[in-house]
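Pulled from TrEMBL:
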type	residues	note
SIGNAL	1-19	signal peptide
TRANSMEM	33-54	transmembrane segment
TRANSMEM	77-97	transmembrane segment
TRANSMEM	109-131	transmembrane segment
TRANSMEM	137-160	transmembrane segment
TRANSMEM	181-207	transmembrane segment
TRANSMEM	219-237	transmembrane segment
TRANSMEM	249-267	transmembrane segment
TRANSMEM	302-320	transmembrane segment
TRANSMEM	373-393	transmembrane segment
TRANSMEM	413-433	transmembrane segment
Amino acid sequence: MGAVLGLCSMASWIPCLLCRCCPSGNNSTVTRLIYAFFMLLGVGIACIMLMPGMEEHLKKIPGFCHVNCDVLVGYKAVYRVCFGMAMFFLLFSLIMVKVKSSQDPRASVHNGFWFFKFAAATAITVGAFFIPEGPFTTVWFYIGMAGAFCFILIQLVLLIDFAHSWNESWVEKMDEGNSRCWYAALLSATTINYALSLISLVLFYVYYTHSDGCTENKVFISINMLLCVGASVLSVLPKIQESQPRSGLLQSSIVTLYTMYLTWSAMTNEPDRRCNPSLLGIIGLNSTTPAGQDRVVQWWDAQGIVGLILFLMCVLYSSIRNSSNSQVNKLTLTSDESALIEDGPAPENFEVGDGTNRAIDNEKDGVTYSYSFFHFMLFLASLYIMMTLTNWYSPDANYQTMTSKWPSVWVKITSSWICISLYVWTLVAPLVLTNRDFD
């Protein structure tokens, strides 16, 4: 708790420092970076709650933990920290509904008053530690699963947008000159993605299946392998290429690799430990554990770290993206008119105070992104990081141990199927809906 309260004193100068570090930046970009900083600060605090030795400090909070605190106290603390972040961003998502330009009084709240917003977020988070246990943890677990599921789909859209931007950038450079070099680079990146996916597939069959069991894992791996092969073949068909010149194997390779990650993530939550070996068990570092003994809760496992890295990439990418990215514009509900706002700064738009240039207000004629949806995305991100840091575990009925449950497995594997379906739909939609413009 001291760490949470101590960070509040930083609020008065950190946002100002961020603004001064990029004086020529647009207001829309600087604001999103500061909110991303808020999010990352909350993630840092949640990680601290899981550090060894923190349970002794958390036990001192009146009424916070009564049963098996050594196992559950870090889990509960992460839930409280992420609850505070989620409620903060959900509140702002509701407040910012239908903000059209920076002339709206609510826009000044969105783009300023950083000390008060930081203080409010801190107060909500600290207050969450005093919520009576009751059904809170169980209810918040299922809300977290639903929110994390939605954020996984958002991650896919951001990854596809990144792949499209990456592909277009290198294709343009191929047209400008030295085409062989850029073609080789594009081919190498695609090959590496598919090679990693193939290696993952082999490792899944070796370590997460057995000849006499693990039927669910065999089905999950096989179905996702066939779906990825089908999506890849579909992306290079002549009719798809004709209607979707931007489609290609680079995007398919990234979707395939992401699907392999989701498949692995789902299998790491399977309750049957025979079909869900730990990474240390795979490399032979904990082979001495008795067969009947429950595995010790390990918050920092491999799939959690990969999930955290993906989360950081997506939040930062959604914060610094250029408003010309059409896929993300559709995701963030940006209007066509707003997307056409010139990103380049005009000299007369600089605000000068105390001899220092501040961020440029580039949203006087219209916002460049949906304020409400941006906050809602961070709300979902808070739930996703909560589930990732706790490995999607939940306590058993007696609150004695932390266990994986089948609902977590099905949420993740279903999200992988929906992700592939969404990607396939982006390929075939122009052929099905011929009266729509998909440019």
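Just so it is clear, glycine is given a Cβ too, placed from its N, Cα and C backbone atoms.
By the Cβ criterion (under 8 Å, sequence separation of 6 or more), the transmembrane segment (219-237) is in contact with the transmembrane segment (413-433), since 3+ such pairs are found.
Between the transmembrane segment (77-97) and the listed ranges 33-54, 137-160, 249-267, 413-433, the one holding the most Cβ pairs under 8 Å is 33-54. Within its own chain, the transmembrane segment (249-267) is flanked in space by residues 152, 155-156, 159-160, 162-164, 166-167, 186, 189-190, 193-194, 196-197, 200-201, 204, 208, 217, 220-221, 224, 227-228, 231-232, 235-236, 275-276, 303, 306-307, 310, 408-410, 412-413, 415-416, 419-420, 423, which lie at least six positions past its ends and keep a Cβ under 8 Å from the stretch. Counting Cβ pairs under 8 Å to the transmembrane segment (33-54), the stretch among 109-131, 373-393, 413-433 with the most such contacts is 373-393. Beyond the ends of the transmembrane segment (413-433), by six or more residues, the same chain brings 149, 152-153, 156-157, 160, 220, 223-224, 227-228, 230-231, 234-235, 239-240, 243-244, 247, 251-252, 255, 258-259, 262-263, 266 to within a C-beta distance below 8 angstroms of the stretch.
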